[in-house]
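What follows is a set of notes on a single structure, which appears directly below.
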Amino acid sequence: MKFPCTSRNFLDWTHWFTLAAGKATGLREAVASLMQCGVSKIKPLYLVPSIMNNLLNPDAIFSNNEMSLSDIEIYGFDYDYTLVFYSKHLHTLIFNAARDLLINEHRYPVEIRKYEYDPNFAIRGLHYDVQRAVLMKIDAFHYIQLGTVYRGLSVVPDEEVIEMYEGSHVPLEQMSDFYGKSSHGNTMKQFMDIFSLPEMSLLSCVNEYFLKNNIDYEPVHLYKDVKDSIRDVHIKGIMYRAIEADIEKYICYAEQTRAVLAKLADHGKKMFLITNSPSSFVDKGMRYIVGKDWRDLFDVVIVQAEKPNFFNDKRRPFRKVNEKGVLLWDKIHKLQKGQIYKQGNLYEFLKLTGWRGSKVLYFGDHIYSDLADLTLKHGWRTGAIIPELRSELRIMNTEQYIQTMTWLQTLTGLLEQMQVHRDVESQLVLQEWKKERKEMRDMTKNFFNAQFGSLFRTDQNPTYFLRRLSRFADIYMASLSCLLSYDVSHTFYPRRTPLQHELPAWSDGARAPAPAPAPGSACAPLREAHGD
């Protein structure tokens, strides 16, 4: 039987390959049989056109949980990295300001000033072991992705990682707490928001300096000092003043933000804003991206909310902020449109607005601080803004990525099916394929980030970040502008992803791997190979 490589898609080809090869006594015989059948090139690099016709849309909205916009009457928004996006200059500003605070206020060596922010070093969602001073990527099952553990700016060898953690699994008691923090004995901190990218880089740079210069230091103190310095860049207003002084440099103007808000207003939707940022900062930014009348679009505006405490505190009252930014002392009996309020708490917010549960959809970029409490405790619908999604999808649409993933999956299927062959020659081929599979995995990681790979995947498992995203966000998208492509009554249906037990094995309909098959022609019909 000669397999018509040019007329079948990749899945048919892989299916035939593994079934036919499974009838041979050894891998070398299997490959030889396939060559006799006309398969002259094993790698299916030229069987990609049909896949290229089904590319992913970077501007789509993706659903974890079924949700109809026709049920949504109230839309809520965070401000930073939700309504407004910042240029690459902002992270450099935060890094430099925090680095200078380390030198000037915490007495760190002036030599660390030579380190500059590298936007290509870290990705969101990484974990930092506070006591061991290592940055790493962890999957949904608490396993460290080997090759992504960094001490300073240098990768930690796999053998050292395994010795350090007695394997590659991180026990639950060492993981970060519910909000990704290192508290109550947890030794891991998870960096979840986009503002954390400069913090990870600064931690790594200072660690690198101490290590290169053989300086003895306490990693816990370093972590706390860097955390405090990054916090002070916000708390002391350094970042806010810089942005307000040069809005065009730091804020990415987006006409589509106003278009989204106007569309919702035209359809009679109520809207509110809850942000941790201060009043004057938000006002200047919204005037720039939406217009002077931006407050007319919102029914409620709350600043300096101190999320996630805002969603859990029941005591702190709201305060009105007047046009000059002065806090008023009157008791708040109603949240009025066009006014700005500070602090408060969600329970008072619900009492004053009467807005409840599944009629509310709130958007934010921080999975913990913005979304977790709302979906778990209050039944709100939630939307995550993931700016990295657009660039990752564009990479996944490239022919090089598709070719690599096509062969990687083929190779994985072959390894699963051919492992029953125990002769020496077959085992040598298997070892060659395992080596190649590892090389292909490293290649796919490098498509996204040379150090840590994709935000959403480890080698094959979902990342810990994606696990939390799937749990706390009903829908997710690259930016709010994606809403413009959908009607206000659109229903988002999650794809029915097969569970592992609902999928056949790579080729044999979920049968357990059989002992090495008896000799036979690899070109036998598929019906015989199936055994029916």
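Keep in mind that glycine also has a Cβ here, set from the backbone N, Cα and C atoms.
Keep in mind that TrEMBL annotations are predicted by a computer and have not been checked by a curator.
What you are looking at is a predicted structure, and each value in this text was computed from that prediction instead of being measured.
Residues annotated as active site, nucleophile in TrEMBL: Asp78. Around Asp78 (active site, nucleophile), the same-chain residues at least 6 positions away in sequence with a Cβ under 8 Å from its Cβ are Leu273, Ile274, Thr275, Lys307, Tyr362, Phe363, Gly364, Asp365, His366, Asp370, Ile385.
Sequence-distant contacts of Asp80 (active site, proton donor), defined by Cβ-Cβ distance under 8 angstroms and a gap of at least six in the same chain, are Tyr86, Phe195, Thr275, Asn276, Ser277, Asp365. The active site, proton donor feature in TrEMBL is assigned to Asp80.
DSSP assigns Asp365 (Mg(2+) binding site) to coil, not to a helix or a strand. Sequence annotations record features per position, and here TrEMBL assigns Mg(2+) binding site to Asp78, Asp365.
Summarising the annotation, TrEMBL assigns GMP binding site to Asp80.
Taken from TrEMBL, the feature region 'Disordered' covers 506-532.
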Checklist entry - For Asp365 (Mg(2+) binding site), what is the tally of other C-beta atoms lying within 10 angstroms of its C-beta? => result 23
